[in-house]
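Here the structure comes first, spelled out in structure tokens, and everything after it is commentary.
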Amino acid sequence: MAEGGNVSPYEEALDALSSLITKRSRADKSNKGDRFDVLYDYIKMLDLEDAISQMKVIHVAGTKGKGSTCTFTESILRNCGFHTGLFTSPHLIDVRERFRLDGLDICEEKFLAYFWWCFDRLKEKTNEDIPMPTYFRFLALLAFKIFAAEQVDVAILEVGLGGKFDATNVVQAPVVCGISSLGYDHMEILGNTLGEIAGEKAGIFKHGIPAFTVPQPDEAMRVLEEKASQLDVNLQVVPPLDDNLLNGQKLGLEGEHQYLNASLAIALCSTWLQRTGHSEVTYLGYANPLPEEFIKGVTTANLQGRAQIVPDPYINTERPGDLVFYFDGAHSPESMEVCAKWFSIAIKEDSQQQILSYQPQGSSQSSQEWIQRHLDRRAGKNSAQILLFNCMTVRDPNVLLPSLMKICASHGVNFKKALFVPNISVYYKVGSHSLPPTDSQVDLSWQFTLQRVWENLMQTNKGDDKSTVAVDEDLKLDKEMCARNGENSAVFDSLPLAIKWLRDSVQQNKSIRLQVLVTGSLHLVGDVLRIIKK
């Protein structure tokens, strides 16, 4: 490893990782499967064959909800006393988020040790016929190395994309498989029908290995059942979790859809426990009470960037809650509907529990006094909902944005301004020092397209929103601050500029509160979290 001047050892590793990112589109049709078999060559180079074959794996694919399902699953088994390894994607702030040991991101020291062990060995052994693995494949191989070296009791693997040709699918004998809700996403790679998409996801089924799924559209369910039948897989469909089983507690992840993901996780854990000989803690059916460990698992699970509410810590603590970010990485039509419902309900609830979470640590006044003062101060304010949005160019804003606007409007929530920004993350880099130079000319053509879609929607759906005039007077936008200012929207050259405008608006106008929905892209969610948590 060469010395990198002022570059830290961690950033040096991220530079090496960045070198594995290909600029070729994932949708390149000429690479179906992209030489999937070469993964077994990498595994041999890393001496991981035996370790992977002995790993007690839970493998989960799906269009939406697979990350939540894996999070619930890990939390349940950790609360049952097992040493857990969880591999998920993408990361929001730091690549180490993808590798969790006992519920925590892998520490920097261990990450560096395992990273260079894998990277250097592959560099030494690969050649023109078997080149270095691509970015995601390397991360999956690294996960296997980490979980083998750390001797986890259970490895929970979230499929990155599809299933059949995903790097995680080198596992030949998982203990149990799960398929979360299926819908239209990554059609440029997985197919244009739900049946084709279901076929790719069902690629994780293995002969005789039990599998679970949630209720699916008929077309998708037919394909899943057909694939299961061909492989002698006992495929069971789980109903949503009955919240009466939670002893009055709430799921750790917000949203009605999470009752389905939690139910899938419970089925996966129960089967894993049975098949690995741990009958001391198990759950036999929906009529029985949930074990205490299962309840604790699903009620304490947490996942960044999904239905997550974060007050901006930058705002003076005398005025907490005047700028609040609502994060949801929704980027498919179905998940956008779920996001819109969650946001609409969340800002209306704005419950005392949420207010209490804003209270400064070490405050000498009682919680009740603090809440009452907060409510009294808030009563004279105008609340404005702002949309902060970006999505990948393979997404269709003519589907995502109308769905978001319509569902929010049906709950009485109308956005006062939509802000469109490019992601900070450079497509071919990971690491904080790999950001684009500030003087570079950013291509905003896609953001202008998103803005046009929004302005057309606003013109078509003009409602009689009495609060608009009062709030809009407080939301003036200096033309020099943004690249293009529309009647109902603005395009900013960069995300930090958009955040600055939000903060300035709140600081300069004591009469408004801003509730900002950040959605459309998990990369955008991660970028905003990185800025406000600094």
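Cβ coordinates come from backbone N, Cα and C, glycine included.
Lifted from TrEMBL, the feature list:
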type: DOMAIN; residues: 60-227; note: domain 'Mur ligase central'
type: BINDING; residues: S89, E158, H186; note: Mg(2+) binding site
type: BINDING; residues: R306, D328; note: ATP binding site
(request) Would you mind reading off the Cα separation of S89 (Mg(2+) binding site) from D328 (ATP binding site), to the nearest angstrom? (result) 15
(request) Can you grab the distance from D328 (ATP binding site) over to E158 (Mg(2+) binding site)? Cα atoms, rounded to a whole Å. (result) 19
(message) Using the alpha carbons only, what distance in Å do you get between E158 (Mg(2+) binding site) and R306 (ATP binding site) once rounded?
(response) 16
(request) Please work out the mean pLDDT for the residues of the domain 'Mur ligase central' (60-227). (result) 94
